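According to Swiss-Prot, the features are:
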TRANSMEM  27-47  transmembrane segment
TRANSMEM  59-79  transmembrane segment
TRANSMEM  83-103  transmembrane segment
TRANSMEM  151-171  transmembrane segment
TRANSMEM  177-197  transmembrane segment
TRANSMEM  209-229  transmembrane segment
TRANSMEM  267-287  transmembrane segment
TRANSMEM  293-313  transmembrane segment
TRANSMEM  321-341  transmembrane segment
TRANSMEM  349-369  transmembrane segment
TRANSMEM  387-409  transmembrane segment
TRANSMEM  421-441  transmembrane segment
């Protein structure tokens with residue numbers, strides 16, 4: 001019996017329709033068919049060890065993993081609602097895949113080399129800081145900074161006291177709770193936080209810093225993870241609350257900033273924005289060499305705030321920076337989250353350190369700093385939700401990458417400058433205070 005030509009035509013049409021349907025599912029702008037092809041390519045490259053140990057290899061792996069894991073986390077019911085959505089899911093899943101050796105160590109080295117070695121993280125953060133600060137109204141920026149910093153610093157001090165008191169109650173002692181939970185969790189991450197902190201402790205105690213670092217590291221990991229989850233929860237629970245600024249930090253300023261015009265992308269200006277952002281990074285780095293006691297990011301933020309306050313940069317350049325920042329955020333945030341999970345979240349170290357007292361103290365830190373910063377934020381004229389996230393939870397996170405994850409989970413990326421401000425300046429203060437305290441508490 002002969003096949004009717006019309007039926008084969010219908011079959012082909014149906015297949016095309018099905019493919020069309022699948023391709024309409026978009027993962028960060030990429031159709032599912034194209035994504036599946038690239039994912040297979042990545043799996044083959046990793047398993048045959050042909051993934052280049054270069055920027056190209058890192059971008060291919062991190063972007064593909066980051067986008068798909070974020071998409072899954074943003075659509076899974078429990079993660080979406082209670083566990084920080086795509087941000088936490090991406091970080092956790094990549095960390096678990098590394099811990100179970102599904103992702104080989106050489107891929108971790110490639111990813112870490114790109115993010116930390118070549119300092120893509122630095123480019124990402126400076127682009128984000130510059131774009132979010134230049135986007136703000138000049139008067140509003142200065143008003144917000146003056147109110148924000150006291151909230152961040154007082155919150156950190158009061159939280160440390162609360163942690164110490166709870167330490168006494170649960171039997172680990174005031175000194176231990178302060179030195180091994182409060183200080184590392186608020187020190188501003190790993191490189192600028194617990195690494196110098198371990199050196200300070202080692203010098204005062206007359207021991208090696210490696211042993212102390214392994215004691216401090218789990219605190220930063222768990223604190224960071226809890227901060228990300230809490231940021232997602234707070235923004236979700238208080239979605240319709242009057243205390244929610246929906247991304248604006250200063251009370252009563254929401255209506256003003258909503259009227260800000262949308263900047264149309266321009267290819268040449270994108271390149272201009274890149275080099276202006278990098279210029280501010282260089283200013284911060286060079287000033288840090290002259291004054292090594294002050295973190296480079298503190299100088300970067302200060303130089304941008306002063307440039308904005310005195311109107312030193314023409315609007316064309318400001319718009320260019322804003323434009324470039326948007327491109328980086330929209331395309332590379334998920335990749336960066338995957339990089340955090342691959343290279344910074346060591347599940348073995350975290351699980352080995354888990355005791356009920358340790359978990360309780362980390363939880364106390366999160367709850368205390370959220371409540372205190374929200375309350376103080378309200379008193380100082382900030383939106384409590386934004387204050388809790390930027391002046392509170394960001395100061396319990398893993399520095400730059402932690403800030404990105406906390407703000408991604410709460411969908412408040414535009415507040416990166418405030419998160420960095422509290423984290424970097426607050427972290428530096430913590431190191432100074434820890435240096436004094438450790439001599440009495442050791």
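Every residue gets a Cβ built from N, Cα and C, even glycine.
Relative to the transmembrane segment (83-103), the listed stretch 321-341 leads the set 27-47, 151-171, 293-313, 321-341 in CB pairs under 8 A. In this chain, the transmembrane segment (349-369) lies in contact with the transmembrane segment (151-171); the count of Cβ pairs under 8 Å, excluding pairs fewer than 6 apart in sequence, is at least 3. Here the transmembrane segment (421-441) does not lie next to the transmembrane segment (267-287) in space: the count of CB pairs under 8 Å, restricted to residues six or more apart, is fewer than 3. Contact count against the transmembrane segment (349-369) (Cβ pairs under 8 Å) is highest for 209-229, out of 177-197, 209-229, 293-313. Taking pairs at least six residues apart, the transmembrane segment (59-79) and the transmembrane segment (209-229) share fewer than three Cβ pairs below 8 Å and do not count as touching. Listed as Cβ neighbours of the transmembrane segment (321-341) (distance under 8 Å, sequence separation of 6 or more from its ends, same chain) are residues 28, 58-59, 61-63, 65-67, 69-70, 86-87, 90-95, 98, 111-112, 114-115, 120-121, 123-124, 127-128, 130-132, 134-135, 263, 265-266, 269-270, 272-274, 276-277, 398, 401-402, 404-405, 408, 413.
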